[in-house]
Structure formats: C-alpha cells, structure tokens
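Enquirer: Encoded as structure tokens, here's the structure I'll be asking about.
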Amino acid sequence: MERNEKSNDKFNLSTWKDFFKYLKPYKKDFLILIGLNVLLGAMDSSFPLLSKYAIDNFVETKNLNGMGYFASFYFAAILLMSIIIYLFIAQAGKLETKIAYDIRKLGFAKLQELPLSYYDDKAVGWLMARMTSDIARLSETISWGMVDFAWGFAMMTGVTIYMFILNAKLALITLSVIPPLAILSVYFQKKILNAQRKVRRINSQITGAYNEDIQGAKTTKTLVREDLNLEEFSYLTTSLRNSAIKATKISSIYLPLVLLCGSIGTAMAITFGGKFAMAGIISYGTLVAFLSYAAQFFEPVRQMAVIFAEVQAAQASAERVFSLLQEEPRIKDRDDVIEKYGSIFEPKMEKWPEINGKVEFKNVNFSYKDGEVVLDNFNLVVNPGETIALVGETGSGKSTIVNLFCRFYEPTNGDILIDGINYKDMPQNWIHENLGYVLQSPHLFSGTIKENIKYGKLDATDEEIVEASKLVDAHEFIMNTEKKYDTEVGEGGNLLSTGQKQLISFARAMVRNPRLFVLDEATSSIDTETEKIIQDAIQKVLKDRTSFVIAHRLSTIRNADRILVVRDGKITESGNHKELIKLKGYYYNLYTNQFIDEESKNILG
C-alpha cells in the first residue's frame, strides 16, 4: 500500500529538535561524548604547535638541550589522546545502542496505543521499515555522525584560532575558500536529501513486498503467480538500485568538490606561507605549523561533508520515525480518566466498576476520515446477557457497530453507554479487559498452544487454560497432538487446521471469562463437522454474556435473542428468528436463499 508522505526539501531543524527531546534521559552520556570530542579536537589541534616548537627550538637553533623532555611530553600527549579515543568509541557505541533501544520501545508502545483505525491505511512494510532500518540509521547518525560533527566543529574552531594567532593575513587567505564551499553545501543539500528520501521510501515498499510474499506463499503457489510476483519485485529492486545509484552519484560529486576547495586552500597556504617565510615575516616552524593547520582544517571539513550527507539521509529516516512517534491517536483517554483509572500500560483495575453488560447506542453518528457517513442517528439498547446477531450486506454498517461497541472506533456524535456509563468516561482497557473477540480468520502467534491461549490472560494458570479449552471443546484435539498443550502452532498457526485455530481462538477469548463477547463471522470459514463442535461451544460461551454476532450460518443466527437487519447504517428489521421469518422481509429472503438446502420446509413454516 503506497502512502504519500509530507516531507521537507531542506534541512529541517525542528525535526532534529524533536529528536533531541528523546535524548533527555541520556543527556549526561551525550554531554560526556561531546566533551570527549571537544577534548580530542583541542588536543589534535595543538600538535602543530608542538611541531613549531620543535623546529624553532631544536632544528633552527641546532640545540638538542631539552629534546628528551619534549619527546616524553609528546609521547604522553599521544598516549592520553589514545585513551580518550578509546573512551569516545566505547561511549558512542553505548549511546547508539541505548538510543535505538529507547526509540524502538517507544515506537512499539505507540503501536500498542494507537486504535484499530490507525492500521486501516497502513501497509506492514511501511511500519516495519520505521521500526527497523529507519531507527537503526537514525541512532547510528546521532551517536557517531553528529558527535563527529561536534569534533569537527571543535577542531575547526581551535585550528582557526591558532591560525589567526600565528598570522592573521595568511589565515584569511587560506580560509577564503569557505564562502564558495558554503554555497556548494547549500546547493547539494536539497539534492542529497531528496535522493535519500526516495531510497528510504522504496526500501519500505520492498520490506512490505517481502512480508506479503512470505505470508501469501500458499496463495502465490495456488494461483501460479510466481512470475508476476518476481516481475513486480524486480521492478521495486530496480527502482531502489537506480535511486541508490543516483543518491551515490550526487554525494560522489559533492565530496570531491569539497576536497578540491580544501586543496585550493592548502595550496594558497603553501604559496603565500612560503613567500612569508622567505621574506622573514614568519619562521619556518610557523610555516610548518600553518601548513599542518591548513590540512587539519580541511580534513574535518571533508569529514563534515560526509556527515552532512549522512545527516541528510538520516533526516528522511527521522521524519518517518517521528511520523509514527508523534501520531496522535484518534481514540485517546482524557487526562482525568487516566489519573483516576490508569493508562493502557498502567491500569488501576481496582477502581474500575464491574461490567454487568447493558449496552446503549444513543443518537450515534459515525463517519470515516474520508467523510463517508456509515451510521446516522443510530440507537440501540442491548440488555445484559443478550445475544444480538447483525445481518446485512457488505458495507451496511455491521462491522462498524461492532467496532464502535468494542471502542476500536468512537462515535463522531452521540454516546455509547455501558451499564449507563459513557465509555469515554472510562479507560479503553475497561472494555477490552472484559471483552472476548473471535475473528473469522483468527491470528495465532508463533509458540505453543498453551502460550496462545494464555495470551488472553497472561497470568492464567494451567488449570484455567485447560478449563477454557474444555469449555469450547478444544481440549480433545489438543490432547491428540504430539506434545499436547506444548505443541508448536507455527507462524500464524500454519501447523493447525482452520477449525483448530478457531477453537484455540475461542479458548483464548474465554480464558479471561469476559462479560462482553463478539463473534465476527466466526463460523463462516470452517468445515461442517468443526462447526457442530463450535456451535455447542457457542451456546456455552454466549450464556449470560452480552454478545454481538456477525455470522452467515443458520445455526448461529437463529439462536440469537435478537436479530438486527442493518441496511445503510439503520436497523430495518428487529426480532428473533421466528419473528423475522413471519415478517417475510429482508431476513426471510436471505434465509430462504442461503439455507433452504440445509433446512426442511417445515422449519420455514
């Protein structure tokens, strides 16, 4: 799924300001790293002065008195600098790891916090790229690139000061190449950033293609789409290759130009410095020191040009990461609710009122982001323990009603009450902790059967897991597997049949003993034999629980306390199975069209 992303064509300081907010926990580590870098820059820039001292005091005078002390001092300085370099590398590596850890943790927490509606228009590859490669590039650039930038800045500052101290006129001549260098940097900035942004965008599409192809391997094989998939993937990889080559070419043009400017500056230092030395304006020691400083000045300039290109690439990653971290949930608990009842990650369950199960939709309107109105002045009262079956065509609003009930979405206008309490006055967890939800295509996580059932209640005991499995008639098939409850289900449950996955998802939902329950077309994709097993389990599961059922199979629909026919977001028919059959409306037609072969004519009576 392709996504249009807003981005800046220029270096965006606000993006990096946002990032530095995340460095606050490591402010001390970061300052230590900067301090080590500044110290390295200061020490590095002092060595030409030592060379000047040696030439002026030992070579020019041909007097070696004190040479031993000088050599010892020089060696000590080199040793100290080596120790500082070691500390710097260790500190930078530690900081990179911490930053990546923190941002990944924040990113994953944000994904847990965001409502279901957030995932409606997000491709898996789009999200995976942010959580992996983008965060890795960002943390690496900050830990090494920006810190190297600080070193380069400290080095250039120190060198500039020393150059002006040695000879201001020669310093101005040498540094005259800085203005054209700055113009070049500004020109290439936009080109490098745009090229890198395109590379990152295509990379996320490739990540998504990998994910879809692996997950849909069976479909690919059965539809014989291998050639087409390879063709589509080749197109993406070719686009990535071409974009990466273009980005590399731009950088390869920029860096030699920086090198050329530096060489011109050094050449002018040699030319004019040599004339000054021959004229006696400066000593030969000063000339040697000055030439060393000229080389030292343009070395960090070259490195900073590389860092600059990396920062431009990292900005594209930063924009993408922060688009996730700064995403405001459409469904968000109010501050007063969080203070009283706790947050998603730190709930205060002891303060939550117990749910009995009465549900009310009061004048509910709902529209999606594109403005499409799904529900208009929708009203419904569901009594505790009542089973409601929703029937209607695709797009009629069935799933929207269920998603609003589960608080995966919230009404555009109107209220939804649980036991007379507006559910916006309670934390989202209040409903979710009391909700059992079974999907038509249940998702199982890699691991054992026991671990998947326990996912519904992390502190569930083995006895509770077995009891839930027995309740939904899953225990028998589990005990017939090789390792029983410790049997691996495979990624996505691919080692189990559809019916077995369905039964495990029932057990997972029931292990928490929820007061509210949702069956979202839960019996429309299983075999008849498994359906009979599940139908028996459903009667036990729904008993004394407020439930919404979206199903197409007769046995599920006709046993509901109330069947609601939903058309264009409105309830057009309401009653139990017998009442709606007598009404001979939409439900009657649906029933006779879909189930006449399953039931005898006397049931239709």
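In case you wondered, yes, glycine gets a Cβ from its N, Cα and C as well.
Relevant sequence annotations retrieved from TrEMBL are reproduced here:
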DOMAIN    31-313  domain 'ABC transmembrane type-1'
DOMAIN    359-593  domain 'ABC transporter'
TRANSMEM  30-49  transmembrane segment
TRANSMEM  69-89  transmembrane segment
TRANSMEM  141-164  transmembrane segment
TRANSMEM  170-188  transmembrane segment
TRANSMEM  253-270  transmembrane segment
TRANSMEM  276-295  transmembrane segment
Enquirer: Apart from its near flanks, which chain residues at least 6 from the ends of the transmembrane segment (276-295) lie with a Cβ under 8 angstroms of it?
Expert: 45, 47-49, 51-56, 59-60, 159, 162-163, 166-167, 170, 174, 265-266, 269-270
Enquirer: Express the predicted model's confidence over the domain 'ABC transporter' (359-593) as a mean pLDDT, rounded to an integer.
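Expert: The average pLDDT of the model in the domain 'ABC transporter' (359-593) works out to 86.
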Enquirer: With CB pairs under 8 Å as the measure, which of the listed stretches 30-49, 69-89, 253-270 comes out on top against the transmembrane segment (170-188)?
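Expert: Stretch with maximum Cβ contacts: 253-270.
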Enquirer: For the transmembrane segment (141-164), I need the partner stretch with the highest count of C-beta pairs below 8 angstroms, choosing only from 30-49, 69-89, 253-270.
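Expert: If we count Cβ pairs closer than 8 Å to the transmembrane segment (141-164), 30-49 scores highest.
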Enquirer: Mind checking which residues of the chain, 6+ beyond the ends of the transmembrane segment (253-270), have their Cβ under 8 Å from one of its Cβ atoms?
Expert: 170, 173-177, 180-181, 184-185, 188, 192, 290-291, 294-295, 297-299, 301-302, 305-306, 309
